[in-house]
Amino acid sequence: MKIADLITWFESWANPAWCESWDNCGWQIEPGILHEEARVLVCLTPTLAVMEEAIALQANLIFAHHPLIFSPPKSLRRGEAIADMARLAFTKNIGIYSAHTNFDQVEDGTADVLAQILGLKDVAPIVPTQGGLGYGRVGLLDPFLNLQELLTVIQTRLAPPDLIFSPTADLQQIISRVAVLGGSGAGFISAVAETGAEAYLTSDCKFHQFQESRDRGLILIDAGHYATERPACDRLVEKLRSLNLHWVQLSNQDEDFRQFFVK
């Protein structure tokens, strides 16, 4: 499949026009590769390590969730990450394409995959946007679990390096309704509280957001940005393989940019 055809297929599923105004979805760098057979390296975040991996694997497209460029840089200087990525993209003929908030909303996108991993039933968006799409997912556990069992499921299936949850939570509380949103989801706490969810799995939560959740009677669970979004990259690879692409692989150089000290 040509890269142009691949992008057309993807954008019929997750149109970049659906992204937020502050976001930058779609082509980050297109060095003239649209008519080449697609050799795709999928990653969460486009970094120099991923670019070097793409060069070594002779990939011609880095398909990332996070954008390389959020706002137009005022200058490009050698030694700066974006500048070096751009230089390598053009000299090695490797495109960089990002699907961010558009991919968050769709079926088999970041939130939908999290809901599937937890086995949620009767799933709906936390914040609907259009035609059954929307941010986050909320649904029922089947069977219901107590909080300790739910935390164990999350730890086992997502393998986060650290799992933070509301300190006043009762580990024996039965949880029936769970909300999920991959990546930075603390801004949706008010919307989640209105869904009747008893627990909310997301990431990047601050001190006072845990306080807000406690005051609303919502158990907030922070599994980290990487652990809550990387599974959707795995799913994207599966979907791309179903298209019989010439070559597609999940990056082995993706990074969780946080490290935890263990005594």
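Every residue gets a Cβ built from N, Cα and C, even glycine.
Since the structure is predicted, the reported quantities are computational estimates derived from the model, not experimental observations.
Binding of divalent metal cation 2 is attributed by Swiss-Prot to His225, Glu229, and the same site annotation extends, among His35, His66, to His66. Together with Asp104, Glu229, the divalent metal cation 1 site in Swiss-Prot holds one more listed residue from His65, His208, which is His65. Straight-line distance linking the Cα atoms of Glu229 (divalent metal cation 1 binding site) and His66 (divalent metal cation 2 binding site), rounded to a whole number, equals 10 Å.
In sequence order, Leu44, Thr45, His65, Gly182, Gly183, Tyr226, Thr228, Arg230 are the same-chain residues whose CB sits within 8 A of the CB centroid of His66, His225, Glu229, the residues recorded for divalent metal cation 2 being left out. Long-range Cβ contacts of His225 (divalent metal cation 2 binding site) within its own chain (separation 6+, distance under 8 Å): Gly183, Ser184, Ser203, Asp204, Asp256. Counting other C-beta atoms within 10 Å of each candidate's C-beta, the binding-site residues His65, His66 are led by His65.
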